[in-house]
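Annotated repeat 'WD' per TrEMBL: B:10-52, B:92-124, B:237-262, in sequence order.
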Amino acid sequence: MVVCNFFMQGRCRYGDKCWNEHPSGGNASSGGGGGGSRGGYNNSRPPSNRGGAGGGGFGNRVWVNPSQRSGGNYVQPSSFSRGGDDWGGGGGNNWNTGESGGGRDNVKSTEFSFSSQNRFTALNNASTFDKAGRDRPGDENEKHLETIQNDMEIWETSGQWVFSCYSVLKATISGFRDHSPEELRLEYYNNKDSGDLQGYANGIIQLINQWRSRVQELKTMNATTRVAMLAELNNPVPQATSEGFGSSGTGFGSSTTSFGAGGFGAPAQPQPSSASGFSFAVPSAEFGSSATQAAPTGFGVAAATAVATPPPSGFGSFPASSPPSASGFSFAAPVAEATKAPSTSGFGGSASGFSFSSTANSGGGFGAAAPSTGGNDFGQTSVSSLFGGSATGTVAGTGSAGELTDSLFTSQSELTPEELSEFGAKRFSLGQIPLKPPPANMLVI
Amino acid sequence: MTGSNEYKLNQGPEDSISAVKFSPSTAQFLLVSSWDSTVRLYDVGGNSMRMKYQHSAPVLDCAFYDPTHSWSGGLDTQLKTHDLNTDQDTIVGTHDAPIRCVEYCPEVNVMVTGSWDRSVRLWDPRTPCNAGTFSQPEKVYTLSVAGDRVIVGTAGRRVLVWDLRNMGYVQQRRESSLKYQTRCIRAFPNKQGYVLSSIEGRVAVEYLDPSQEVQKKKYAFKCHRLKENGIEQVYPVNAISFHSVHNTFATGGSDGFVNIWDPFNKKRLCQFHRYPTSIASLAFSNDGSTLAIASSYMQEQGDISHPEDAIFIRQVTDAETKPK
């Protein structure tokens, strides 16, 4: 086959339909041609290398991609055939790299030659050019943070309904709860009947204050908030509610169309509307497979968050951790949940009711409750240690994990007296939950 | 008021109005539910109240099953159906928490209710009895029927689309494209999509078809915002209602304005005069000739003195509702 000259120059109008050969490795960037009439334009020229330009040089050309050219600004490497000026054609003279912002492919005709040095200078110019117009990833985060700040300001001044959740991109920003006006009015009516309007008013004021402080936090954006926000934005943890989903619990995994792009963008804040204390039901419902109800093992309530970077399919997701609010949630110690597929991300257990108020979410795996379901996967280390002093930070370390997966029980001799007493007690006390599984004989059914 | 196309209904409810719904067959009858625990039936043409029945607590939503039966539910968690011919009511069932929305799906012949107990329940209107309970991730704030599907808007800005004929799983699980709490969702009469409004003076038009090209058409716009003293006041958009023929929709916000929008050309067709107080609910009649506007203070600022709650009936013209 005859090699297509135009393709070599990057301007074959016929593209794939061209009857001549388009060698690969040459000018892969040559744009598609007109396609329409095969006027034989290409064929009318003698299929010879034009103007004595070395044939071997063809493979090395750096081509401006004609498909990227705009309108009349067609870039023609006029020096392609040294001496041929019939290419001079469209606007051959005004290409310098500084021209027309964003045009990355303008190449100086004078620089254009076969030698390898100049080939790369063209590239250099183009690439710096390109970058100037584009944000680096870090900038995008900055923009999001700015958006958050602006939104907070507007929220404060615009008289907007304050009891609303808030989100940027796909991530719900924690710390905001959804209450509809009707729910608040219900509270009002309830309290009016019982005569406790002051209590209602106080509850509302409390909510407003919480909101206000949260807005302040986000507006001023100090370092910790910043980090937390970036974590939330980049890892949109779907904060599912504590209750199981779906009537039969089996199945939202079944239909893949039910998920939009990227699985679960949809976080929710499972917050109560009433001011009184309340407890979540046991968290459950894993996506993508039949729901597993993790055994609560004697723990009343858990709120756990999935670990950072959850893959979109098949992992358990858990309710949000929200900043501890004054309206008494009763959280017992967190529960570790087994995921069906250990290869997917591990799970975290973090109960927000406890010490920290930051919104960082990656939870650590916990050894204590795990043993009842063998073969657990442990998530990443927790950001802040959730149990007072105990070294839970190391729980997720592989050492203990290995140990646990090997044996379900520890023998009594290996346990310290404190741990033994914990196992013997009716409930684990916070901060002293043993890291090793109980001895088999202590398991009383 | 002769010569005008709008008038106020007599014998209106004594407290805030939660919902207004026209009869499916005629523009003459309007069902109104209210925080005074009553559900009333009005003869719109004659401007009189025909019937009234009670619940034991404020009623949050009502709907017609057919021209002679109304269903309603509210804070007393009971779902009641009332026969408008015999003036008898029946308690059909309950939810575990206040019922927030009641709708009827003619294609599947089922009543759908959504509640703050995070469930959507289906009810067979003929027997009548419960036909299933389906839990949602969050409290249900609004729902709308589109053909044989129901679109549920919950707290936490989530939107779920269920297929009423196959409730074993959620057909689509989405997130609202707006940043704040969802206030109202209504489906297009042509069932291609839905309109979602938030508390932040913004409305989003979305499509149900999950394919990329269709999803690209979705958009959102700001509305119901007023500039006062240089600061923009943002009002929640409480109500949406579609004109059944033209596929244009009206929105009502807490600023007291009603706007009519053309979603295909993305233009506002019309804005009515400002009503005395927030618009709580809107309803177009089935033929699109009449719009019922419930202007009723929604306690956004607590218990303050406010203009009287009223329902206005307005005869709308093609000029106001037809795309240009």
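Counting starts with 1 at the first residue shown.
For all residues, glycine too, the Cβ spot is worked out from N, Cα and C.
The DSSP breakdown of the repeat 'WD' (B:92-124) into helical (H, G, I), extended (E, B) and coil residues amounts to 0 helix, 22 strand, 11 coil.
Residues 183-190, 195, 197-199, 201-203, 223-226, 268-272, 274-284, 286-288, 291, 293-295, 298, 300, 316, 320-324 of the same chain, all 6+ positions outside the repeat 'WD' (B:237-262), place their C-beta atoms under 8 angstroms from a C-beta of that stretch.
The average pLDDT computed for the repeat 'WD' (B:92-124) is 93. Counted with DSSP, the repeat 'WD' (B:10-52) comes out as 0 helix, 23 strand, 20 coil.
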